[in-house]
Amino acid sequence: MYEIATRDFFREKMTGDQLREEGLALHADRNKLLFENAIVFPDPGNNETFYRQARRLRTILTSRDSMSNIPKNLEARRRLAFFSNSLFMNMPHAPHVEKMRAFSVLTPYYNEEVMYSKEQLRTENEDGISTLYYLQTIYADEWENFLERMRREGMLDERKELWSDKHRLKDLRLWASYRGQTLSRTVRGMMYYYRALKMLAFLDSASEVDIRDGSRELTSMRHGSSPELTPSSRDLSRADSSASLMFKGHEYGTALMKFTYVVACQIYGTQKAKRDPRADDILKLMENNEALRVAYVDEVVKGRDEMTEYFSVLVKYDQTLKKEVEVYRVKLPGPLKLGEGKPENQNHALIFTRGDAVQTIDMNQDNYFEEALKMRNLLEEFKHYYGIRKPKILGVREHIFTGSVSSLAWFMSAQEMSFVTLGQRVLANPLKIRMHYGHPDVFDRFWFLTRGGISKASRVINISEDIFAGFNCTLRGGNVTHHEYIQVGKGRDVGLNQIAMFEAKVASGNGEQVLSRDVYRLGHRLDFFRMLSFFYTTVGFFFNTMMIVLTVYGFLWGRLYLALSGLEGSATSGRTNNNTALATILNQQFIIQLGLFTALPMIVENSLEHGFLTSIWEFITMQLQLCSVFYTFSMGTRAHYFGRTILHGGAKYRATGRGFVVQHKSFAENYRLYARSHFTKAIELGLILIVYASYSPVATKTFTYIALTISSWFLVVSWILGPFVFNPSGFDWLKTVYDFDEFMNWVWYRGGVFSKAEQSWEKWWDEEQDHLRTTGLWGKVLEMILDLRFFFFQYGIVYHLGIAAGSKSIAVYLLSWIYIVVAVGIYTIIAYARDKYSAREHIYYRLVQFLVIILFIILIVALLQFTDFKFADVFTSLLAFVPTGWGLLSFAQVLRPLLQNTFMWGTVVAVARLYEIMIGVVVLIPVALLSWLPGFQPMQTRILFNDAFSRGLRIFQIVTGVKPKRDV
């Protein structure tokens, strides 16, 4: 074989005898062949694993076009490509496992999903879509692989056995949970560290003979530990070395000494007492993962006085006793949660970590076996100098694995990928200003234990607890680096409501950072250039976002003033009509307004990762899926909550939830979430644009008006329609009708003391004013100053009414307030009559309504007869008086402590309810119009989800109500 393989391959197939006749092969009568008995193959009966791998190798080598048989799964391709590319990056040399730095992984957990239950997978929404069906369509190839694996294990009928068989159901739950953002996925990923260290410890001290004899054990390590293989059962030949003899047969123990995984399940004790299914799932995770430890706070009531004592407890699962056992119990001086919950949870469990380093991992992260192999290399970075100091925080790259779930998840993935690669790379070097932005950075454990820990937990001010570890490190002379040869998976929010709450939490946290002493000290101690870098990469990003929105406000209010005052008409009259310089400037800034330059970082990053043409195609695809609407909407969220926190403080933690979004969100729910941050602001800007178009001479010039206002109109449309464009079945006509009925019931539901914001509008309205209760005097003064802008509509428009007869006297504006007072008085009378007579003496209530209508008609006729009043002034005056009423309401909310106990407060609440109905109707009109027009709902579903799920959703909607009950 050797001589034949070293010669040229033959074009014609020849037998062995023909080769021997030609002298191209050795004769059979030779005593010894080349390399005879050089390799001793194991006995087929004793080493089935080796022959299975040999058959697999033969299949690979003999298959035609094997190079084209690359994995079909895109995630498998990505992982293989990144791992192979990362091997060519600069990384430290990996020591032997017994000489590497020991490390721990810490994950805070509260009450998120551990594993998806059977009911969660089977429960269908109103369209007949279940979570399992959603996963089957999103991960179609992986579902086929799962079914193939189950059939190979003996499954015959998938529709029955997957739900009825206990073991099959467990596999199904795990398959679904490993594709969601669950604790079981995180635990599986982090335990790859343990498996990798076991394998590397074996390979470090094994000879070639050991590797041959230990192939079965290596396979078991890759696929999970086997019960019949124990450390004491190994008797492997090793090369003679002190390290080999010391660690002979103790790979499991070596891995346990070098790695510990602690999950801080804060309320695990309470969950066990309540028999919560999550507690059982956590126990199963400990049973299946030897290196897993769970830390929780145990509350014990002792004594006659029923005093509660608090303990930090660490537990593990004893494989010998087959039960959960305590490892440590540390008494606490008092309740755990004095500050923010998440950092308190991390800090109480930090004492149970071991080793030189600790990696913080959130419970919606994942890891990969091939990346775990490089952890030894990463820990060696602590020994290297970066500049004049060794690093204290090792930054790790993240891969967003939720990008394929929906278009929103893809947008978030692209946004995060640009930051965690291109952004953090530059922050670490050359700017030297990278902080700790969350998980999965690796900390120098001993350095941080002596400097206050890895989290600050003061209530409110440390709501963004992660970045304060970076602040603390930088202030104390620590160094933060970033390394891209290793990565960890990360899940992001996949629904618009989840994303909005996450953005609100981050924006509020940055607002609190501005008020913190850490940022104050950094601003005073950093040099000028690092200070600029620090500003732009932390609070400056949100400050600039807020300034963009304020610039839009300032620009539109300025144009409105020019139009209503007549200055714009004077400036554009005469010679300036032919001014080409203005048109040239508008042409240039029109390109900027489209926001093309803001997409450059994403295009550059995708070009480096995937190629230029691929990046351009992805950019075009994202635009077709309305990514600009999403990013514009997110900008409004960040600006609103950052500005409110700067003005009033009072940031609070918002639990976002990490489930799959296949459920239609009602209009009332969207209204509660976005009414103040988006809807009212969009209506205000839209009203400015309408008034400007009515009174500006520039509006007659089509291109000039479009160039001036197109970006503002796009912002208005994005802020109003964004929640419905990215809402499953957002333009379904029947759902829109039901949503309107639910919204009206919510607005008119008065409820009681114990009603919730989801049930009663009045309760929600009270909660929306919480920031005004906690703010100081200057916060209230600034709020009232900002609310003065609503009175400018009335001041500018009343002089353009026909009844003003061209007068510019201040008396015109003062007289217009008479109409405001009369309108408020009439509404108060109607509200009083409704409350007193509508229930029992209905005739009196109708009489009051009739008299008010007659009085209004008489007033209109009198104005038409005796003044220059025009009937069109009725509609024009609405543009003036409606904003004035909103301004008065805003003033009343600020002055609530003075007005709440007076007779006026009932009128304020009634008028506020009327305004909420008006805002809801204005928002719902375009949604209802798009729902009524054919074709918009399928297009919206296609934009939001992939094509397979869109087809399945349409089929389910067709057969809803008559379809047979499906098992899978």
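Sequential numbering from 1, following the chain as shown.
Glycine too: its Cβ is placed from the backbone N, Cα and C atoms.
In TrEMBL, annotation is done automatically, which means it is predicted and not curated.
Annotation comment: TrEMBL describes 70-862 as domain 'Glycosyl transferase 48'. The annotation region 'Disordered' is assigned in TrEMBL to 217-236. Summarising the annotation, TrEMBL assigns transmembrane segment to 534-556, 705-726, 786-804, 810-832, 844-866, 878-899, 911-933.
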Please figure out which one of 534-556, 705-726, 786-804, 810-832, 844-866 racks up the most CB pairs under 8 Å against the transmembrane segment (878-899).
786-804
Averaging pLDDT over all residues of the domain 'Glycosyl transferase 48' (70-862) gives 83
Near the transmembrane segment (534-556), which residues from the same chain, at least 6 beyond its ends, have a CB less than 8 A from one of its CBs?
423, 427, 431, 433, 435, 467, 507, 510-511, 513-514, 519, 522-523, 526, 635-636, 638-639, 642-643, 646, 685, 688-689, 692, 711-712, 715
Flag the pair the transmembrane segment (911-933) / the transmembrane segment (786-804) as in contact if three or more Cβ pairs fall under 8 Å (sequence separation 6 or more).
no
Cβ pairs under 8 Å only, please: of the recorded stretches 705-726, 786-804, 810-832, which one is richest in them relative to the transmembrane segment (844-866)?
810-832
Tertiary contacts of the transmembrane segment (786-804), as residues 6+ beyond its ends and Cβ separation under 8 Å:
557, 560-561, 564-565, 687, 691, 695, 812-813, 816, 820, 863, 867-870, 872-873, 876-877, 879-881, 883-884, 886-887, 890-891, 894
